[in-house]
Amino acid sequence: MKNEKRKTGIEPKVFFPPLIIVGILCWLTVRDLDAANVVINAVFSYVTNVWGWAFEWYMVVMLFGWFWLVFGPYAKKRLGNEPPEFSTASWIFMMFASCTSAAVLFWGSIEIYYYISTPPFGLEPNSTGAKELGLAYSLFHWGPLPWATYSFLSVAFAYFFFVRKMEVIRPSSTLVPLVGEKHAKGLFGTIVDNFYLVALIFAMGTSLGLATPLVTECMQWLFGIPHTLQLDAIIITCWIILNAICVACGLQKGVRIASDVRSYLSFLMLGWVFIVSGASFIMNYFTDSVGMLLMYLPRMLFYTDPIAKGGFPQGWTVFYWAWWVIYAIQMSIFLARISRGRTVRELCFGMVLGLTASTWILWTVLGSNTLLLIDKNIINIPNLIEQYGVARAIIETWAALPLSTATMWGFFILCFIATVTLVNACSYTLAMSTCREVRDGEEPPLLVRIGWSILVGIIGIVLLALGGLKPIQTAIIAGGCPLFFVNIMVTLSFIKDAKQNWKD
């Protein structure tokens, strides 16, 4: 009965600082969009050119860490004393479901165009060599390497959850073995948590900024409603209201059902694209791209282009590594929670094999379709981007498929549901992280969830107002910098504690 009388509420030291920082940055941006774009370009150039190498080494070192976990002294250690909570098939399916966000649909549909129009290694734009390397680079950015880094952090969080029985809702909770309880629960831990929250807020706002134009462009195609910034703002507002209604009326089960529908619909849509786009070409292109990936892998891992300064690794590899870094803690906590009872080796292999298969299927099917449409001159992506923006170009890659109306309805529903679940997850994660006395499995206060969803929505609108991909890329890279150090500290804390307390 004592536990039932716990008083939940905001934790001021991790609620107000991120709110104030993000609020000030949004206000300064809206106040002068042109000046904001100048600052954004400067920040992007500085971080990617001066510190891009650090992100590349981080990924390589974490890959070696994955091998250490799989073949080292903890490989057969079980994460908890209970049997696995989910069957292997359900476990893999839940991993796949976590990959089917609207932001992933965004990049999967258009990424290959950028790789072949501005290719790496001094290749000619739109050349045969650029096209051969295009999908290979997608497989590199969304393949075993980043998932291996997530494996290490997932093992770390699963260890703290199920072996050490810690309640972890913020990264500072895991740092006690590394810096001591005094610092982990004091000013140092508060700073770490605030870095994490500010970065996460911008990351979620970025995802919303990518997802919203896809929905509004679908609306223009299906209903003839012109796509404007005002329409984007209205749609984001509707999502926030819908999220508030779901939370207030206890409709979270409905949100979970929507998440399942999203996963099944993703399978259906990908299968449709695979069949009608050209299954034989897709499989041949994928096979060839795996070979290209293996051939160029050493160069890709360490490519910084300091002599030619073409900008490809800064604009894409460093950006994506920052993307993975910024979502690492949130994603790893989720993957850890669904992996109770599995061994370290099972978790590491399951994540790398299962999640790589998920992202490789997405990027192979969608990227191959886009390349075919370009080669057959069915759509002119450069003109579409110049006149209408990236989202319109993505929509046209789907609208060019047979049964275009049915296809567009499917894509519209998929993007809409994916974004509803995104807003719900955003508000829940941020509210859990900024409230006190809210335990895992409990619902944080309604007003706090609504407040965070509003702020994330505002960030999405601000990024859309700035226009283009550079503000989105910069928000991710800037947010990834502090999380780079936080992720390393969580990793070191796990290693130190495991050596002391996870013995035979």
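The backbone N, Cα and C atoms fix where each Cβ goes, and this holds for glycine too.
The topological domain 'Cytoplasmic' annotation in Swiss-Prot covers 1-12, 68-90, 152-186, 249-253, 336-349, 432-446, 491-504, and the record cites experimental evidence as its basis. As annotated by Swiss-Prot, transmembrane segment applies to 13-30, 52-67, 91-98, 132-151, 187-219, 231-248, 254-277, 312-335, 350-372, 404-431, 447-466, 469-490, with the evidence given as experimental evidence. Taken from Swiss-Prot, the feature topological domain 'Periplasmic' applies to 31-51, 99-131, 220-230, 278-311, 373-403. According to Swiss-Prot, the feature 4-(trimethylamino)butanoate 1 binding site maps to Tyr114, Gly315, Trp316, an assignment based on experimental evidence. The annotation (R)-carnitine 1 binding site is assigned in Swiss-Prot to Trp142, Trp323, Trp324 on the grounds of experimental evidence. Summarising the annotation, Swiss-Prot assigns 4-(trimethylamino)butanoate 2 binding site to Trp323, Met331 and lists experimental evidence as the type of evidence. Taken from Swiss-Prot, the feature (R)-carnitine 2 binding site applies to Tyr327, Ala328, Ile329, Gln330.
According to DSSP, the topological domain 'Periplasmic' (220-230) comprises 6 helix, 0 strand, 5 coil. Mean model confidence of the topological domain 'Periplasmic' (99-131) amounts to 91 (pLDDT, 0 to 100 scale). Cβ atoms under 8 Å from those of the topological domain 'Periplasmic' (278-311) belong to residues 52-53, 56, 59-60, 118, 120-122, 132-140, 143, 145, 317, 360, 364-365, 368-369, 371-372 of the same chain, restricted to positions at least 6 beyond its ends.
Sequence-distant contacts of the transmembrane segment (312-335) (same chain, six or more residues past either end, CB-CB distance under 8 Å): 44-45, 47-49, 52, 55-56, 58-59, 95, 98, 114-115, 118-120, 137, 141-142, 146, 149-150, 153-154, 156-157, 168, 171, 196, 199-200, 202-203, 300, 303-305, 347, 351, 429, 473, 476-477, 479-481, 483-484, 486-487, 490.
Whole-number maximum of the Cα to Cα distances across the 4-(trimethylamino)butanoate 1-binding residues Tyr114, Gly315, Trp316: 10 angstrom. Of the recorded ranges 13-30, 52-67, 91-98, 254-277, 404-431, the transmembrane segment (469-490) has the largest number of C-beta contacts under 8 angstroms with 52-67.
Here Trp323 ((R)-carnitine 1 binding site) is positioned 12 angstrom away from Gly315 (4-(trimethylamino)butanoate 1 binding site), judged by their C-alpha atoms.
DSSP states for the topological domain 'Periplasmic' (99-131), grouped as helix (H, G, I), strand (E, B) and coil, give 20 helix, 0 strand, 13 coil. The record gives Trp142, Trp323, Trp324 for (R)-carnitine 1. Within 8 Å of the mean position of their Cβ atoms, the other Cβ atoms in that chain belong to His141, Pro146, Tyr320, Trp321, Tyr327.
When DSSP labels each residue, the topological domain 'Periplasmic' (373-403) comes out as 21 helix, 0 strand, 10 coil, counted as helix, strand and coil in that order. In the shown protein chains, 25 other C-beta atoms lie within 10 A of the C-beta of Trp142 ((R)-carnitine 1 binding site). Cβ contacts within 10 Å of Met331 (4-(trimethylamino)butanoate 2 binding site), excluding its own Cβ and spanning all protein chains shown: 18. Proximity of the transmembrane segment (13-30) to the transmembrane segment (187-219) is established through 3 or more Cβ-Cβ distances under 8 Å for residue pairs spaced 6 or more apart. For the binding-site residues shown (Tyr114, Trp316, Trp323), fewest C-beta neighbours within 10 angstroms: Tyr114. Between the transmembrane segment (231-248) and the transmembrane segment (404-431), three or more CB pairs separated by 6 or more residues in sequence fall under 8 Å, so the two stretches touch.
Contacts between the transmembrane segment (254-277) and the transmembrane segment (404-431): present, as 3 or more C-beta pairs lie under 8 angstroms, all at sequence separation of six or more.
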